Amino acid sequence: MDLKGKKVTLHDMSLRDGMHAKQHQISLDEMVSIATGLDQAGIPLIEVTHGDGLGGSSLNYGFPAHTDEEYLSAVVPKMTQAKVSALLIPGIGTVDHLKMAYDHGVSTIRVATHCTEADVSEQHISAARKMGLDTVGFLMMAHMISPEELLAQAKLMESYGANCIYCTDSAGYMLPDDVSTRIALLRSELNSETEIGFHGHHNLGMSIPNSLAAIEMGANRIDGSVAGLGAGAGNTPLEVFTAVLDRMAVNHGIDLYKIMDVAEDLVMPMMDQPIRIDRNSLTLGYAGVYSSFLLFAERAEKKYGVPARDILLELGRLKTVGGQEDMIDDTAMTMAKALKAAKA
């Protein structure tokens with residue numbers, strides 16, 4: 001693989017996807033400290049919201065330590081070169097949330113839908129483009145449909161005004177060939193000025209190989225997270241990925257030592273538990289389950305006595321998707337009843 005001379009934009013997720021691993025409990029001081037460190041390390045894009053995006057604060061998804069407005073108000077004014085992005089999932093976030101983010105200085109909005117539901121993004125993408133925002137169509141759980149079906153959904157988002165389309169491996173299920181076929185098709189069939197991005201999770205240990213495959217096939221925006229802080233086994237660990245890109249002579253603009261120090265000195269000390277591939281996060285990738293389901297399944301194990309990995313495997317069989325967090329408890333309860341009946 002020869003990537004020498006290619007240029008990529010790295011986008012940090014530790015303060016948004018990392019919210020899942022922290023049960024949305026990141027303090028304002030932690031948020032500002034990490035964002036400032038990322039800014040000084042040269043990270044050009046930093047995502048800041050509730051783990052489930054703007055408006056995510058709810059009983060279903062979890063209540064954060066602070067509101068999106070408070071996080072954005074604290075972070076945006078401190079940035080010297082980095083731009084701040086926000087995630088918005090239609091049905092959770094609204095156009096009013098989008099306007100709030102714009103008013104608070106967000107430069108990039110990423111409108112995220114399940115990979116088959118791009119049509120629900122039209123209002124939000126159109127509104128973002130009218131505001132002059134860098135507007136990304138973010139197709140989640142992209143492993144669940146064929147490359148051709150993904151392209152059709154991407155074309156919808158592009159037609160609404162998205163200037164960048166993401167292939168999103170929300171479950172950490174994909175292997176490099178899965179990424180290559182999808183990214184190659186998107187690159188060849190979307191408008192040449194439309195950027196292509198990839199968002200990976202490390203549940204099968206494939207986040208770096210998958211991200212490299214995406215770059216090889218034409219993606220120029222790659223998501224990652226310092227120290228991998230994110231849902232499941234985390235996102236592509238940015239400090240590791242930066243070192244790999246250095247080795248491959250890819251242009252990325254990040255100071256390796258500084259990003260290593262942010263990971264080691266700021267992010268790792270605030271982790272509630274190590275971000276690693278354990279039996280439960282591995283099951284997420286193996287079964288193709290939405291990565292943010294991990295902590296929900298582990299809580300259900302304590303509540304119902306059913307192993308989390310068995311719950312996750314069943315959720316994979318049921319083809320659950322993001323937004324169906326309520327099914328985790330229902331599934332665990334049903335499995336517990338079946339186990340009890342089998343023992344009777």
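Note: Cβ is positioned from N, Cα and C throughout, glycine not excepted.
Record features (Swiss-Prot):
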DOMAIN    8-260  domain 'Pyruvate carboxyltransferase'
SITE      ARG16  site 'Transition state stabilizer'
BINDING   ARG16, ASP17, SER170, HIS199, TYR290  substrate binding site
BINDING   ASP17, HIS199, HIS201  Mn(2+) binding site
ACT_SITE  HIS20  active site, proton acceptor
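Feature map: Swiss-Prot annotations on the structure.
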| residue | record | contacts (Cβ under 8 Å, 6+ apart) |
| --- | --- | --- |
| ARG16 | site 'Transition state stabilizer' | GLU47, VAL48, THR49, HIS50, GLY51, GLY53, ALA86, LEU87 |
| ASP17 | substrate binding site | GLU47, GLY51, ASP223, SER225, LEU229, GLY230, ALA231, ASN235 |
| HIS20 | active site, proton acceptor | GLY51, GLY230, ALA231, SER291, SER292, LEU294, LEU295 |
| SER170 | substrate binding site | MET140, MET141, ALA142, HIS199, HIS201, TYR290, SER291, GLY322 |
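DSSP assigns HIS201 (Mn(2+) binding site) to a strand segment in the three-state reduction. Compute the center of the Cβ atoms of ARG16, ASP17, SER170, HIS199, TYR290, which mark the site for substrate; besides them, the chain residues with Cβ within 8 Å of that center are MET13, HIS20, MET140, THR168, HIS201, GLY230, ALA231, ASN235, SER291, SER292. The local packing around HIS199 (substrate binding site), expressed as other Cβ atoms within 10 Å of its Cβ over all shown chains, amounts to 29. A simple Cβ count within 10 Å picks out one of the binding-site residues HIS201, TYR290 as the most packed, and that one is HIS201. On the 0 to 100 pLDDT scale, the domain 'Pyruvate carboxyltransferase' (8-260) averages 97 in the predicted structure. Other residues of the chain with a Cβ within 8 Å of the Cβ centroid of ASP17, HIS199, HIS201, the Mn(2+) site, are MET13, THR168, ASP169, SER170, GLY172, GLY200, ASP223, SER225, GLY230, ALA231, ASN235, THR236, SER291.
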